[in-house]
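According to TrEMBL:
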COMPBIAS  219-229  compositional bias 'Acidic residues'
DOMAIN    30-474  domain 'Major facilitator superfamily (MFS) profile'
REGION    210-231  region 'Disordered'
TRANSMEM  25-52  transmembrane segment
TRANSMEM  64-86  transmembrane segment
TRANSMEM  98-121  transmembrane segment
TRANSMEM  157-179  transmembrane segment
TRANSMEM  185-205  transmembrane segment
TRANSMEM  265-289  transmembrane segment
TRANSMEM  309-329  transmembrane segment
TRANSMEM  341-359  transmembrane segment
TRANSMEM  371-388  transmembrane segment
TRANSMEM  421-442  transmembrane segment
TRANSMEM  448-470  transmembrane segment
């Protein structure tokens, strides 16, 4: 077992098949669930044109609207359902049931979308996928939080975030390639195979006891001398606590904090707001690229579904490599510097993606050179984007852990992790919802180049906010010595 995962000391003592509740299996199931849901989000992008123009015989002039509409709908229904799912999930410690229900909803949605019996059925199936994806998001991230050694949480979350983004990007690559080379139903066999593997993993998994750690609400913090540093002592610097605002400044104990409610406490915290903005902006940028790449590359380079799908691998492969490295960096130096640097580097990177095919430059005097330049810029995006990916979620986890350490039990017997991840899911899905609409509208009205300029400008705003609010210490707010397996 890797050294950065935590096994509860009694996890296998009372379960007949302790391997079914092992940390490794829970982490595998969680990451597989996250990948499957986001894979299905991006999968339809390269084949929407075929679905509506060939199978449903719709006017090709409306193809961009259908692409943007399907991506918008998935984000909208996930956004609407997130608070309800998060509230219900925090009422119980059983995440496995939520995972199974979300899998059932996702399967129904995928059947409707792939069968394409009518336009309304495709959109209905997309709605099922959106709600199910939100349920999986909350359950999977919460299980990761419960199981992973907190000293290495940034590394693990960076790895998981790579798979989250990987699903969004590998989905189109798979769909486009298989559609062009092997046909429509062969392409859809991959999502159904993933759902089958996901089902097997979720049925095998037994969640087991929650790994006890300093972030667990209700821990015996009242026996700790507040004057002495210890494992449960929050290590956030004083200036971060000051910038957090007076979220519960008048509270002398957990009762006053609880009276304010979870969402009021979190949403009046400046650091949490900036973390949510980070999540919204990156998911919006990725979704905008998802929505506009297919038609832009077809119009500029004459590329079909296969090369359009493969271009997303130029983003994902570097991201998969960089994700754990960036997570390790966050664990050791904190969030502020890597995140700020990432947003700064994304400004020229995103701007340059819009240049090939949009401007006639002397050194891009042939189609092949222009294509190589475009691929190079897209690859650079894949290298840089992990610096900001997942940073918002890590920062929210740090803030929540501090609040639960200060006021044990404030957010209920099972803590506030599910509601916190529902907030993160809302932000992520707002980006998925707004990105295609913003990107499609800007590309249609002003052109692809100016759309990329607008996205680059948003990165400047994110860099300023991240520098001002994110923590400048290690991302994990406590040590968990002696808990590693």
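A Cβ is built for glycine as well, from the same backbone N, Cα and C atoms used for every other residue.
Heads up, TrEMBL stuff is auto-annotated, nobody curated it.
Counted as Cβ pairs under 8 Å, contacts with the transmembrane segment (98-121) are highest for 185-205 among 185-205, 265-289, 371-388. Between the transmembrane segment (448-470) and the transmembrane segment (64-86) there are fewer than 3 Cβ pairs closer than 8 Å, counting only residues 6 or more apart in sequence, so the two stretches are not in contact.
For the transmembrane segment (185-205), the list of distant contacts is 20-21, 25-26, 28-29, 32-33, 35-36, 39-40, 43, 47, 96, 99-100, 103, 106-107, 110, 114, 174-175, 178-179: same-chain residues at least six beyond its ends, Cβ to Cβ under 8 Å. Mean pLDDT for the domain 'Major facilitator superfamily (MFS) profile' (30-474) in this predicted model: 78.
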